[in-house]
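Peer 1: I am attaching a structure below and will ask some questions about it afterwards.
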Amino acid sequence: MKLDLKILDARMRDYLPAYATTGSAGLDLRACLDAPVTLQPGETTLVPTGLAIHLADPGYAALILPRSGLGHKHGIVLGNLVGLIDSDYQGQLMVSTWNRGQSEFVLNPFERLAQLVIVPVVQAQFNIVDDFAQSERGEGGFGSTGRH
């Protein structure tokens, strides 16, 4: 799949989104910063990537997801948990960065911060009904299928 990428900050030419391995599902996104940013515990900040994408095809969307190592080791996750990039969005990719950890965290310029995953999208149409055909599960939720 070819994807239109617009470089909004010339410094990002050296830090384009890339797959870390041949089996990677996510492209690494980097922090487009002029200087280090310190996030105190509980603090959230919006970090620019210096890049914009245009998927164009409504059959696709992009998800911005946290990097597992940053979340597990440092408590750095996304403030909005998942960023959804619609196919018609053309603005800069921004990363809502939240320090849910107990220690301050310093984010350095061009550090890998999040990952971008391209996913297929199905736009559903609703069929209004009065009742559903009975399923085995029915209305059971939140633990209704058991713990183990």
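Positions of Cβ are set from backbone N, Cα and C atoms, glycine also.
According to Swiss-Prot, the protein has these features:
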type: BINDING; residues: Arg67, Ser68, Gly69, Asn80, Leu84, Ile85, Asp86, Met94; note: substrate binding site
Peer 1: Suppose we draw a 10 Å sphere around the Cβ of Met94 (substrate binding site). How many other Cβ atoms does it contain, all chains included?
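Peer 2: Taking all protein chains shown, Met94 (substrate binding site) has 15 Cβ neighbours within 10 Å.
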Peer 1: Tell me the Cβ contacts of Arg67 (substrate binding site) under 8 Å, same chain only and six or more apart in sequence, or just say none.
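Peer 2: Correct list: Asp28, Ile76, Arg112, Leu113, Ala114, Gln115.
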Peer 1: If you draw a 10 Å sphere around the Cβ of Asp86 (substrate binding site), how many other Cβ atoms fall inside it, taking every protein chain shown into account?
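Peer 2: That number is 12.
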Peer 1: Would you mind listing, in sequence order, the residues at least six apart from Leu84 (substrate binding site) in the same chain with a Cβ closer than 8 Å to its Cβ?
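Peer 2: Leu84 (substrate binding site) has long-range Cβ partners Ala61, Ala62, Leu63, Ile64.
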